[in-house]
Amino acid sequence: MASQAGPSCRLVFCLLISAAVLRPGLGWYTVNSAYGDTIIMPCRLDVPQNLMFGKWKYEKPDGSPVFIAFRSSTKKSVQYDDVPEYKDRLSLSENYTLSISNARISDEKRFVCMLVTEDNVFEAPTIVKVFKQPSKPEIVSKAPFLETEQLKKLGDCISKDSYPDGNITWYRSGKALQPLEGVVVLIFKKQMDPVTQLYTMTSSLEYKATKADIQMPFTCSVMYYGPSGQKTVPSEEAIFDIYYPTEQVTIQVVPSKTAIKEGDNITLKCLGNGNPPPEEFLFYLPGQPEGIRSSNTYTLTDVRRNATGDYKCSLIDKKGMIASTAITVHYLDLSLNPSGEVTKQIGDALPVSCTISASRNATVVWMKDNIRLRSSPSFSSLQYQDAGNYVCETALQEVEGLKKRESLTLIVEGKPQIKMTKKTDPSGLSKTIICHVEGFPKPAIQWTITGSGSVINQAKESPYINGRYYSKIIISPEENVTLTCTAENQLERTVNSLNVSANENREKVNDQAKLIVGIVVGLLLAALVAGVVYWLYMKKSKTASKHVNKDLGNLEENKKLEENNHKTEA
């Protein structure tokens, strides 16, 4: 620097450096910079007309100066002193503003801008402050759980790389925690990295939890100072599992049912309201004074009605803490008498009873062939129509799935009974003979004819309904005949006969038919004769008409001649 400034400049600088004065009106000036940013320090001096050069220096803790930058006013050249910590970090502008890149904590010094003339040296000091925002605080070494009524370490809140050092505050649900003996214990410590000169702050929290802390968020925050003032950075929330003893025991039936019926499986579940919940309990069954040790569930399979009663459970170590529940096992019994397949004879009496035994009032429904009956069946004299499939069904409406049913298949048997009737056709040419049969099993019907005659058509049968049907034939006997109807089933063979007289009007009917034919033929001949006579008459009428027309013509001509003669005479 001296060689470039020249011997005269060097001499003047040496003479005046000790006489440098602070420019009147300039006080302490502070530049705040964030860690890693560029520090910009204006000279704050008016450049004199006779300026020779300008320089920047900083002061050591002992007050000795260290020059770092030089700029000539004539050659416009800039020189930077060989100071290792500022190598490649300095920039001096034409107005003597000094910039320091990548601000460090070690840059916190008192810098001085010096403007040198031939007869004076002017100085303007600047204080540099560097700030480093700490890392976001983090809760570490978190307790896996907290226990009520026990002071226990909750965790550590750590924030790193801060300058200057900051302070840490703990919060419960957004409210700051203050030290309280036996309840809240805070231990704060800070540590500086000797290389980076950055601080790490740690705050440990010991806390006595209560049940009110369940699901409560805990946070911490670090308060630090930055270039623009005080700031705060919060941590993420942390929620801790709170352990507390069981204070109450409850018992449940699972799965929850409105009603339990015979054959169901019952699972009893005992619960304690502590955290963590108890894992073992004692279960007490009705009529058993000793408890059964089990996990929090106990299952009874295929329960019967005698399982109705009070069920209890308690903690293993606190038998006085008991919970109980009453269980009713519903049942339904049905007895149908008689039941199954029953065969009776027509006219017999048959008493039928459907007896119900249940834990509650049950509904009873009778069905016959899938059709609901209005009342229970009663048979004092069985008829064929009473046969069928009867079902007695009962249910407990309040208990899902509790139904019972029994069936009775009633068969009414009877020997064949025959009744024969006859009906004569209005023409008198044929007669209809009907054989009415009743019986069960269904009797087979067979016709036989004794005497001469013809069967006009095959026998026709009606549908078999309620043990009855009929068979009919139509005949036209030429002489007296006897018709026999035979009905037979597995029980008996029954025969009945009916005498049928010949058709007496048959010859009369034939004579009448002949007479009718003769009359018809006579009428046809008479009509033919009348037609011939009418034809001849019409022919004669046409000839006479021609002669009359001719005579009338001659008459008109004579009349006209007479009129002409009279006119001539006049």
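Every residue gets a Cβ built from N, Cα and C, even glycine.
So that you can see what the record holds, here are the features copied from TrEMBL:
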{"type": "SIGNAL", "residues": "1-27", "note": "signal peptide"}
{"type": "DOMAIN", "residues": "125-234", "note": "domain 'Ig-like'"}
{"type": "DOMAIN", "residues": "245-328", "note": "domain 'Ig-like'"}
{"type": "DOMAIN", "residues": "347-409", "note": "domain 'Ig-like'"}
{"type": "DOMAIN", "residues": "416-501", "note": "domain 'Ig-like'"}
{"type": "TRANSMEM", "residues": "515-537", "note": "transmembrane segment"}
For the domain 'Ig-like' (125-234), provide the mean pLDDT of the predicted model. 95
Summary of DSSP states over the domain 'Ig-like' (245-328), given as helix, strand and coil counts: 3 helix, 40 strand, 41 coil
Using DSSP, how many residues in the domain 'Ig-like' (416-501) fall into helix, strand and coil? 0 helix, 54 strand, 32 coil
On the DSSP side of things, how many residues of the domain 'Ig-like' (125-234) fall into helix, strand and coil, could you say? 3 helix, 72 strand, 35 coil
DSSP-assigned states of the domain 'Ig-like' (347-409) in counts, ordered helix, strand, coil: 3 helix, 31 strand, 29 coil
